[in-house]
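Under the heading disulfide bond, Swiss-Prot lists 7-28, 13-33, 17-35. Taken from Swiss-Prot, the feature region 'Interaction with Ca(2+)-activated K(+) channels' covers 26-33. What Swiss-Prot lists as site 'Basic residue of the functional dyad' is 27, and the listing cites similarity to another entry. Under the heading site 'Aromatic residue of the functional dyad', Swiss-Prot lists 36, citing similarity to another entry as support.
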C-alpha cells in the first residue's frame, strides 16, 4: 500500500507505516513510502 509520505530512506517509512497500517513494515520506493499490511 502506498501512502502519501515522502521519504529518502526506508527507515523514514516505518513510523509512518505503523501509524497508517498498524505495522512498522515498509520501504521507500520512488520517493514515497510503501507499507506492507
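Positions of Cβ are set from backbone N, Cα and C atoms, glycine also.
For the region 'Interaction with Ca(2+)-activated K(+) channels' (26-33), the residues of the chain that approach it from at least six positions outside its boundaries are 2-10, 12-14, 16-17, judged by C-beta separation under 8 angstroms.
A coil conformation is recorded for residue 7 (disulfide bond) in the three-state DSSP classification, outside any helix or strand. Residue 7 (disulfide bond) has 27 nearby among the recorded positions 27, 35, 36, counting only those with a Cα within 10 angstroms of its own Cα. Applying an 8 A CB threshold to same-chain residues 6+ apart, the list for residue 17 (disulfide bond) reads 3, 23, 24, 25, 26, 33, 35, 36. The distance from the Cα of residue 13 (disulfide bond) to the Cα of residue 27 (site 'Basic residue of the functional dyad') comes to 6 Å.
Cβ-based crowding with a 10 Å cutoff singles out 35 as the top-ranked of the disulfide-bonded residues 28, 35. Counting residues of the region 'Interaction with Ca(2+)-activated K(+) channels' (26-33) by DSSP class, helix then strand then coil, yields 0 helix, 6 strand, 2 coil. Here the region 'Interaction with Ca(2+)-activated K(+) channels' (26-33) returns a mean pLDDT of 98 for the predicted model. Counting every protein chain shown, the Cβ of residue 33 (disulfide bond) has 23 other Cβ atoms within 10 Å.
Secondary structure from DSSP puts residue 17 (disulfide bond) in a helix.
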